[in-house]
Amino acid sequence: MSHGKMPLVLSLVLILCGLFNSISCEKQQTSPKTITPVSFKRIAALSQKMEANYKAFAQELFKTLLIEDPRKNMIFSPVSISISLATLSLGLRSATRTNAIDVLDVALKNLAVMLMAQAPTALLEIVHELVNRTAKHQDILIDRTEMNQMFLKEIDRYIKMDIQMIDFKDKEKTKKAINQFVADKIDKKAKNLITHLDPQTLLCLVNYIFFKGILERAFQTNLTKKEDFFVNEKTIVQVDMMRKTERMIYSRSEELLATMVKIPCKENASIILVLPDTGKFNFALKEMAAKRARLQKTNDFRLVHLVVPKIKDNLQDRFKHLLPKIGINDIFTTKAVTWNTTGTSTILEAVHHAVIEVKEDGLTKNAAKDKDFWKVPVDKKEVPVVVKFDRPFFLFVEDEITRRDLFVAKVFNPKTE
C-alpha cells in the first residue's frame, strides 16, 4: 500500500470501528428508517469472512480476562476490541503489525483487504445502514493539531465521526474534556474514563460500548424483591431479584455442570445466562470457553421460572494494559506508529469501556401494568423449570444475525461494579 493511500484506508476502518462498536439494545426515540433483512444479511456477510479467526481471538480474550481473576466481576466486548485492534493495526510498522496479526491470525488481514477492495460507494451504503441501526453511541477519535489535516478530512468525508482537537500537553484539562465528552454521549454511564495521558500523545481512540437490555418480554416489577446472593461460602449479599415465568430456550449440560437460559431482546440480540452448579463455578470457568458452544446446541424450548438479579456492570481498561495479556506488545510505542502526521512524536492512547445494564424493562412500555400481557398459554399440568441465579454466573450478549458475542461478562458479586 502506498503511503498516500493510508489515510483513506485508515479512515474507512475507523468508520467501521465506530459503528460496529456502537451496539446498543436501548430503545431509540426516533428511527430514521427501517432496516430490511437484506441489509442485515449484507452486514453479516461482511463479518463472516473473518469469522473463524475472530472466534479464536474472542476465545483467547475469554480465557485470559475471565480466568486471570476468578473472584472479580469482569465484562468486555470481544467484537469491539477486535475491530478496534484491526483499526490500530493499519497504522503500525510491519514488525508490530505482524505481532498483532499473529494473535488475530488472518482476521486483520482480511479486514484490511476487504476495505481496500470494496468500492467506497458500497462501503458507504453499508455504513449508512449501520448508522441508522446503532447511531446512539459512537467511538470518538481525539487528536491534536499535529495530525495531518488531510487524514482528518478523509474521516469527515465518509462519516461525521466525533473528532476533538485537543492539546495533550495540558493533561488535566484534556482528561476533563474527554471524560465529560464521553459521559455526555452515553448518558453518564462512564466516569473518569481517562485517568492518565502522556503529554506526547498524538491520538487517543476512546472505544466505548453500552448495552441496556430491553427484553422482548419484561420482568414483572411487582415481583422484584431483595434476596440472598451467595458469593461464596462465607459471603452473602442482598440483591434485587427479578422474576418471570415464560417459555424460553433452556439447556442443561452435565459435562459443563451448568444450566443455560436464553432471553431475547430487541434489535436482534439475546442475553444468554449460564449458571454453574453449586460449588462448580471454578470448574465451569475453566471449561466455558471450549464447551459453551455445545451447551447452546443442545437446547430445548421449555417453560421456565427465571429468577435473576438486576445487573449493572462495567469495566474500563487501557489497551496498553489489555493487549499484552493476550500477547500483543509494543503497539503503543513511538517506533510502532506510521500514521501520516506533521510531527515526530507519535504516541497512541486507546481505552476500552464496556457497560451492561439489565433491569425489568420490556418492549411494551406499560407491560408491567398489563395483566393480559403476563398470561402465559401453557398446559395447566406443566410444571416450570426453576432456574435461580443466586450464585456467581456468566452472561453473554449475542448478536442473533452474526452469532457473535457483543459482550462477555462474569458476575461474581452483583453488588459490586
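Heads up, residue numbers simply count up from 1 along the chain you see.
Just so you know, glycine gets a Cβ as well, placed from its N, Cα and C.
Feature annotation from Swiss-Prot assigns N-linked glycosylation site to Asn132 (among others).
The N-linked glycosylation site annotation in Swiss-Prot covers Asn222 (among others). Secondary structure at Asn222 (N-linked glycosylation site), taken from DSSP and collapsed to helix, strand or coil, is helix.
Summarising the annotation, Swiss-Prot assigns N-linked glycosylation site to Asn268 (among others) and lists sequence analysis as the type of evidence. If you draw a 10 Å sphere around the CB of Asn268 (N-linked glycosylation site), it holds 15 other CB atoms from the protein chains shown.
Among the features that Swiss-Prot reports, N-linked glycosylation site is placed at Asn340 (among others).
Residues annotated as signal peptide in Swiss-Prot, with sequence analysis given as evidence: 1-25.
Looking at Asn222 (N-linked glycosylation site) and Asn268 (N-linked glycosylation site), their Cα atoms lie 27 Å from each other. Look at Asn268 (N-linked glycosylation site): DSSP puts it in coil. Other Cβ atoms within 10 Å of the Cβ of Asn222 (N-linked glycosylation site) number 10 in total over all chains.
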